[in-house]
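Input: a single structure, listed below in structure tokens.
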Amino acid sequence: MDKDVPTTREVDPAAEVDAAVKMELDTPPAPAKPAAPPKPAAESVTLLPTFRNWSRYIQKGDTVLAFMSPSNMDHFVVTESGNFNNAYGKFEHAKMVGKEWGSKMPSTTGKGFIYLMYPSPELWTLALPHRTQILYMPDIAFVSSFLELKPGVKMIESGTGSGSFSHSIARTIAPTGHLYTFEYSQDRYQKAAAEFKDHGLGDLITIQCRDVCKNGFDMENAVTAVFLDLPSPWEAIPSAKKAFKKKRVGRLCSFSPCVEQVIKTCTALKEQGFVDIRMYETLLKPYEFRSLTMKPLPQPRLAPTPTIKVEPSISSTTAPDQNGEGSNKRKRLSKDESGVESESKDGSGEVYAPKDVVVTKGASEMRAHTSYLTFATLLPDIS
Ligand SMILES: C[S@@+](CC[C@H](N)C(=O)[O-])C[C@H]1O[C@@H](n2cnc3c(N)ncnc32)[C@H](O)[C@@H]1O
């Protein structure tokens with residue numbers, strides 16, 4: 001199953017000409033359009049490597065993530081006279097300059113607000129332009145740990161897709177590691193290459209436009225980790241084996257949605273001498289949480305307490321409580337539902353005040369399967 005977003009569609013040229021002719025016959029002549037106003041010249045802006053260098057305050061040229069809600073984010077580059085627009089109004093770039101990352105900014109109409117967020121790989125994954133299906137944080141974190149990624153690691157990835165995985169990996173292996181990423185779609189290759197450059201990741205990521213299943217990686221004795229997110233990863237495994245450093249332990253991971261792909265990949269891994277072949281699936285169980293005000297508990301109806309006559313001498317020696325009053329004088333107060341404090345009415349003297357508590361509930365169903373993660377190890381050549 002190919003889970004890529006299709007970039008081409010099959011068209012019958014003859015049918016297209018027919019349709020165009022028909023449209024011309026059916027459609028009344030359009031009224032002459034007034035001349036479009038001249039477009040303002042595009043503002044030139046030097047992009048800052050926001051993804052690489054963190055600073056406390058937003059500057060012109062920074063990439064900003066506009067956070068509306070956890071499921072609604074967008075991104076833009078801050079320019080001198082640009083605006084970010086959404087359903088709640090206009091947000092002027094010029095007013096963002098000098099604000100701290102994470103600031104809340106109202107729209108010019110005051111109808112809504114956004115948070116100006118630093119583009120961490122975690123947030124970028126949620127806001128990036130989708131050109132393909134992508135990896136999300138639970139899988140990225142799991143893969144990074146199993147591939148033993150850390151600063152200085154040199155690794156291979158294919159396909160690059162929308163660059164979600166690549167952005168996280170670049171941060172993990174920086175500043176001395178390197179990611180070699182391969183993508184066979186010319187369009188996706190160009191877009192990802194431009195993004196890596198604009199985001200200041202050019203020295204950490206090398207991207208090539210290449211069909212790795214047909215032509216391999218053309219690398220030898222170079223990396224310690226390989227990550228495959230391809231429709232037929234088993235075809236790339238012999239070439240991946242060559243790319244591993246001979247005297248080091250090599251770790252490979254393949255991400256596939258179908259178990260048939262996993263079976264073919266495992267067979268190829270075994271044939272190529274990989275060991276410790278295991279398959280995992282990461283499922284996310286979201287917890288909902290909210291703050292509740294618990295109502296006072298009903299008072300237990302106990303047998304009446306025998307009345308004890310308190311001698312005045314004992315009463316006067318009662319130690320003062322925290323309020324500086326003798327405990328026999330203290331009035332117990334409770335808040336009723338309107339929040340007004342009132343004296344306890346149950347006669348017991350005990351008060352069960354309403355309490356603010358945070359409660360959580362695990363989702364009864366987990367989000368559907370994304371992909372299976374097949375891991376394998378290539379042992380060093382000790383001959
Ligand atoms: C699902 S996407 C990868 C998404 C990526 N992991 C991410 O997180 O953004 C798979 C990519 O592999 C590319 N691809 C498929 N077969 C390939 C091949 N033989 N060589 C190189 N790239 C290939 C596709 O064009 C597609 O962009």
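Including glycine, each Cβ sits where the backbone N, Cα and C put it.
Unlike curated entries, TrEMBL annotations are predicted automatically.
Between the candidates Asp198, Asp203, Asp211, TrEMBL assigns the S-adenosyl-L-methionine site shared with Glu183, Asp229 to Asp211. Feature region 'Disordered', per TrEMBL, maps to range 1-42 of the set 1-42, 43-84, 85-126. Each residue in Ser158, Gly159, Thr160, Gly161, Phe182, Tyr184, Ser185, Arg210, Val212, Leu230 lies on the same chain as Glu183, Asp211, Asp229 and has a C-beta within 8 Å of the C-beta centroid of that S-adenosyl-L-methionine site, without being one of the site residues. Long-range Cβ neighbours of Asp229 (S-adenosyl-L-methionine binding site) (same chain, at least 6 residues apart, Cβ-Cβ under 8 Å): Leu135, Glu157, Ser158, Gly159, Gly161, Phe165, Ser254, Phe255. Listed in sequence order, the residues of the same chain lying 6 or more apart from Asp211 (S-adenosyl-L-methionine binding site) and placing their CB within less than 8 Å of its CB are Tyr184.
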